[in-house]
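To start, the structure itself, in structure tokens.
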Amino acid sequence: MESVERVNLLGLDGAALSELVGQWGGKPFRARQLQRWVHQRGADSFDAMTDLARDFRAQLARDCVIEALPVNTEQRSSDGTRKWLFDVGQGNAIETVFIPEDDRGTLCISSQAGCVVNCRFCSTGHQGFNRNLRASEIIGQLWWAKRVLEAAADTARLPGGKAGEDTRVISNVVMMGMGEPLLNYDQVLPALRLMLDDNAYGLSRRRVTVSTSGVVPMMDRLSQDCPLALAVSLHAPNDALRDELVPLNRKYPLNALLAACERYLAHAPRDFITFEYCMLDGINDTDQHARELIQLARQVRCKLNLIPFNPFPASGLKRSPSARVRVFAQRLMDAGIVTTVRKTRGDDIDAACGQLAGEVRDRTRITERNATRTIPIQQVHA
């Protein structure tokens, strides 16, 4: 007799879970109860769900599972940053990073194993593309991290840990890990909906950010299906340079990208788009580039996030000197462009923005790769 694959409940958003429970004759409130057990309480056993009927739990045990990806390693930085390496099979892995700050806790999650966009400055792209992640594997990163962090948390040190305030460990999620989220849209969408669902993680639309290299048609779909904070990997102020740094620009050039950003803003929870700009020595960091970037930024409501490049041997690129980054940022601010600079985090555990390569076979090259995790922490100019 052929066995039937059991349904992984981690990958079902509220509508899909209600449909499943309805097929068994269950009421919608049962689906909500089940969703809270899985995502809010972090249950991985149906026996623990004591307020559900015994026959319902038996049905769940027969037909369903609650399974995240296997964890190969966990690393902790001296600055509090934590990283998990999840096994996706065939010797490949994805990486998930938690960045604690005084006023928030941000989880950076992956949407693909590898990436097809192949941005020149990103080591993930240099690793090639393995496969899309399933919705259960995407939300499973949040599910796992929430369980681990909450189990170990000292309440007095949680973000927002004052009396009467939200004391959740993970207050923000950014889809800025491995992969291009909008090229895995059908699996990313239910994961995003779960992040926002009050019966699951209950995050604000302003606190969930999708970062895209500029997949214009899917930006339009996201604005209709699940509008939330959007970051665009810009990295160049003109098409000629962006064609070289972000090859997707050859399909969706800057004029199309900026128009899509303007359309997105009509539905977005924030009144601006974040443009990410990796600072590359002698490549995109000159005064002329700053002038071009100012003209581009004035075409859409945005803020600029300047990212120090984290070198890796295959790129052939170098990080812009700190003094050059400061001058570049000041020029933008003097022109009235809101600008932030990211601070490096987790450099001792190889947890870098644009550097998540998910290596399983060789985890010993941390010094060689010299990667750093970066997060936005300061405004350059008030």
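One-based numbering along the chain as shown.
From the backbone N, Cα and C atoms, a Cβ is placed for every residue, glycine too.
For the S-adenosyl-L-methionine site, Swiss-Prot lists G179, E180, S233, L234, H235, N310; matching the candidates S211, S223, S320, S322 against that entry yields S211. Annotated pair C122 ([4Fe-4S] cluster binding site) and E180 (S-adenosyl-L-methionine binding site), C-alpha to C-alpha distance, rounded: 12 Å. Ranked by Cα separation from G179 (S-adenosyl-L-methionine binding site), the recorded positions E95, C108, C115, C119 are led by C115. Recorded residues L234 (S-adenosyl-L-methionine binding site) and C119 ([4Fe-4S] cluster binding site) have their alpha carbons 11 Å apart, per Cα-Cα distance. Note on proximity: of the recorded positions C108, C115, C119, the one nearest S211 (S-adenosyl-L-methionine binding site) is C108, by Cα distance.
Ranking the binding-site residues S211, S233 by C-beta neighbours within 10 Å puts S233 at the top.
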